[in-house]
Amino acid sequence: MRRPAGAAPPCTPLANHCLGTTVSAAAFMPPVAADGHSRRFIATMVFVLGALSATAPIAIDLYLPAFPAMADAFGTPESRIQLTLTSMMIGMGLGQAVVGPLSDRYGRRKPLLIGMSVFTVASLLCAVATSADLLIGLRFLQGLSGAAGVVVARAVIRDHFAGDDMTRFTAKMMFVTMLAPMLGPVVGAQLIRFGPWQTVFVFMAVLSALSTFLVWRFLPESLPAEDRRTMTAREFGAAVATLVRDAHFIAPTIAVLMNFSMLFTYVSTFSFISQEELGASPGFFSLLFAIGTLALLAGNQANMMAIDRSRSSSRMVVGMAVSLAGVAWIAATQLFDVVNLWTVPIGIAVMMFGCGVVFPNAGAAAMSSQPPQIAGTASAFMGATQMAAGGVMPALATIGGVTLANMTLGVGVYAVATAAAVAWTIAVYRRDPVPGIA
């Protein structure tokens, strides 16, 4: 049955399961409309939530320039130091699965303040680690605790916004958080110029402490006590199973995962491809990487500018078409034997622009489909699976070796999968609309 335009989304099976009762559709209307917030409130939220969401991601690659120095200090191969990156990614995936439901039970502020405080302490402990094995464990703790900033930030946004309002706010925050991975290696390289490798982790601790203070001072609790719900492990498992069966949630979530797989396959392989296969210097690679990131930001900004003049479904279709065109360009450079340091980055920039359009729209569609009372659980599922995709999909794409051909095949497959998920999302939401998402 179709809902009338402007009607509230019905109580989903997951909502009934978590709330333990049957409630009216009106109860799931967004508690606060975007136009009810002052510009100052919006700016504060973007700054605080952006800082939160960026703290853990910047910690992922901030210390990459210090790998050789760390390997020398511990007397271990760089491959061993590489495991500190893997352990943090695993920790972030598990952490989101844990913190999300806790934020639905205890509110947003308490798990957030605890998580970021632990992240600060873990960062300082990393700076005094005496072995690679200890550092691997501490990096896992960093990921586990730092996940609080990522998962709770999404839940807080859902507490306040829905539909296009949520897309607009998500895009603004995404602009802030996407700068972090781009600046991370650059900042890290400067830090180790003036200090030992431990300086990088002290810097992480300072950033985390600042984010924790911003939460304590400027971020009010957004989930009222009466809306908090307790779930046992069995109930959480059943809730996740219900989320997976909810096409309004799972279709756009798959679009996010496949889009992220495209992005991360490029990020994790292009350093080697550009330098070993295309002959770029480390400095020129940094320039090419920055151009790709700027294209992603440009797509994000273009999406924000189009929100008031277009439908979410139209923006996703355009973004997906642009991404596919970029992948086709990269493939064509190899087909016609015109592979070089100028032709390939053009296709990558086009692909990244499209990703910047699809990300916020698909993510907002998934989160808007669920009521605020379970936003933490929904955010946890999305974040944990996204981390898993970031670890598994690039490896699958390059199982035959890290080459331009394999990268192109990988991003091509993931682009087609994203397009299919976008088409599924549009079909689901046209059949059974949710206000603000069409």
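Note that Cβ sites are derived from N, Cα and C of the backbone, with glycine treated the same way.
If you check TrEMBL, you get these features:
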- 42-433: domain 'Major facilitator superfamily (MFS) profile' (DOMAIN)
- 41-60: transmembrane segment (TRANSMEM)
- 80-99: transmembrane segment (TRANSMEM)
- 111-130: transmembrane segment (TRANSMEM)
- 136-157: transmembrane segment (TRANSMEM)
- 169-192: transmembrane segment (TRANSMEM)
- 198-219: transmembrane segment (TRANSMEM)
- 249-273: transmembrane segment (TRANSMEM)
- 279-297: transmembrane segment (TRANSMEM)
- 317-336: transmembrane segment (TRANSMEM)
- 342-362: transmembrane segment (TRANSMEM)
- 374-397: transmembrane segment (TRANSMEM)
- 409-429: transmembrane segment (TRANSMEM)
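Between the transmembrane segment (136-157) and the transmembrane segment (342-362), the number of CB pairs under 8 angstroms, six or more residues apart, is fewer than three, so the stretches are not in contact. Counting Cβ pairs under 8 Å to the transmembrane segment (198-219), the stretch among 80-99, 111-130, 249-273, 279-297, 409-429 with the most such contacts is 111-130. Same-chain neighbours of the transmembrane segment (249-273): 181, 243, 285, 288-289, 292, 296, 316, 323, 348, 351-352, 355, 358-359, 362-363, 365-366, 369-370, 378, 381-382, 385-386, 389-390, 393-394, 397-398, 402-404, 406-407, 410-411, 414-415, 417-418, 421-422, 424-425, 428, counting only residues six or more beyond its ends whose CB sits under 8 Å from a CB of the stretch.
The stretch from 80-99, 317-336, 342-362, 374-397 with the most CB pairs below 8 A to the transmembrane segment (279-297) is 342-362. With respect to Cβ pairs under 8 Å, the transmembrane segment (374-397) is most closely packed against 409-429, considering the stretches 111-130, 317-336, 342-362, 409-429. Taking residue pairs at least 6 apart in sequence, the transmembrane segment (111-130) and the transmembrane segment (317-336) share fewer than three C-beta contacts under 8 angstroms. When the stretches 80-99, 111-130, 409-429 are ranked by Cβ pairs under 8 Å to the transmembrane segment (342-362), first place goes to 409-429.
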